[in-house]
Amino acid sequence: GSREEAAGAWPRTPLAPGEVITAQSGGAFERDPQESSTTDEELNRASSAGNRAGGTTPDYGEQRLPQALIVGVKKGGTRALLEAIRAHPDVRAVGTEPHFFDRNYEKGLEWYRNVMPKTLEGQITMEKTPSYFVTNEAPRRIHSMAKDTKLIVVVRNPVTRAISDYTQTLSKKPDIPTFEVLAFKNRTLGLIDASWSAIRIGIYALHLENWLQYFPLSQILFVSGERLITDPAGEMAKVQDFLGLKRIVTEKHFYFNKTKGFPCLKKPEDSSAPRCLGKSKGRTHPKIDPDVIHRLRKFYKPFNVMFYQMTGQDFQWEQEESDK
């Protein structure tokens with residue numbers, strides 16, 4: 001379980017000495033082998049299922065390229081957001097992650113369109129692939145598809161996001177080194193390893209720079225992963241406003257599941273059992289050395305402040321941590 005052996009389990013982007021954090025320096029994000037991946041077979045199934053009388057749309061309408069995308073971030077709450085917005089009758093979304101703008105781009109827009117569900121006039125087509133946010137080519141590729149595409153980014157305290165990311169991998173690969181071992185280049189000196197994807201994804205300001213070269217802030221909605229749990233209806237109101245939809249997904253769509261520790265979706269007419277996220281969500285995090293947490297908070301703080309300035313939104317992650 002040495003660090004060197006562990007390197008193969010995680011994509012790492014080398015940082016040059018004294019590297020300036022710019023959009024370009026976030027470049028070579030490889031695919032995280034631990035990330036849940038969508039196979040062609042699953043996408044084909046999703047495509048044919050989307051074309052049948054699924055959800056609110058009968059077997060007519062046409063397949064369109066998405067007008068809105070949930071582009072990030074991994075372990076931020078994107079699945080919860082997708083499930084909630086799919087409760088809206090004017091939204092049709094792919095359940096699986098197409099990974100078009102990062103892994104399948106060479107297959108072309110026609111392939112991408114064929115993965116989408118059929119929609120009627122006035123309905124919005126959506127998909128979510130959280131790895132887009134950290135993929136250098138994604139903003140340019142999405143912009144070349146449609147420069148007015150609306151983008152949604154679910155962000156979460158980067159420290160808890162990193163631990164959640166590690167927890168997901170640990171559930172699949174119990175033999176990987178500890179979080180503490182992977183998080184540091186040099187534990188004695190307290191040097192954080194920013195090339196480890198679990199940590200690098202949370203440097204939101206770095207990735208956002210890349211998107212702002214192609215899209216104005218007015219086309220990007222930042223959703224708080226924390227508020228998606230504490231006030232799902234409030235966050236969904238913002239999402240529906242942003243998408244130009246009538247506020248149909250409201251308080252009556254949610255109830256709080258004490259066992260899981262987050263809200264579940266229910267049909268407003270109570271006609272079916274509530275839909276909770278699967279067992280892979282809400283996993284218990286391993287206990288992490290408090291000193292490591294403290295060092296990570298210090299590491300992320302300047303990037304968080306930069307992110308708040310860039311977005312004009314204060315997510316209060318520092319305040320939330322001082323309350324603990």
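Glycine is treated like the rest: Cβ placed from N, Cα and C.
Unlike curated records, TrEMBL annotations are generated automatically.
Feature annotations, reproduced from TrEMBL:
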- 1-63: region 'Disordered' (REGION)
- 66-301: domain 'Sulfotransferase' (DOMAIN)
- Lys75: active site, for sulfotransferase activity (ACT_SITE)
- Lys75, Gly76, Gly77, Thr78, Arg79, Arg156, Ser164, Lys281, Gly282, Arg283, Thr284, His285: 3'-phosphoadenylyl sulfate binding site (BINDING)
- Cys264-Cys276: disulfide bond (DISULFID)
Other CB atoms, at most 10 A from the CB of Ser164 (3'-phosphoadenylyl sulfate binding site): 21
Surrounding CB atoms that lie within 10 Å of the CB of Thr284 (3'-phosphoadenylyl sulfate binding site), all protein chains: 7
Rounded Cα-Cα span from Thr284 (3'-phosphoadenylyl sulfate binding site) to Cys276 (disulfide bond), Å: 16
Segment confidence, the domain 'Sulfotransferase' (66-301), expressed as mean pLDDT: 93
Integer Cα-Cα distance in angstrom, Thr284 (3'-phosphoadenylyl sulfate binding site) to the residue listed as 'active site, for sulfotransferase activity': 14
Nearest-integer angstrom distance between the alpha carbons (Cα) of Ser164 (3'-phosphoadenylyl sulfate binding site) and Lys75 (active site, for sulfotransferase activity): 6
Lys75, Gly77, Arg79 screened against Cys264 (disulfide bond), Cα within 10 Å - retained recorded positions: none
Cβ-Cβ neighbours of Cys264 (disulfide bond) (radius 10 Å): 19
Recorded positions (Lys75, Gly77), the one with most neighbouring Cβ atoms at 10 Å: Gly77
Cβ neighbours of Cys276 (disulfide bond) where a neighbour is any other Cβ within 10 Å: 19
Surrounding CB atoms that lie within 10 Å of the CB of Arg79 (3'-phosphoadenylyl sulfate binding site), all protein chains: 20
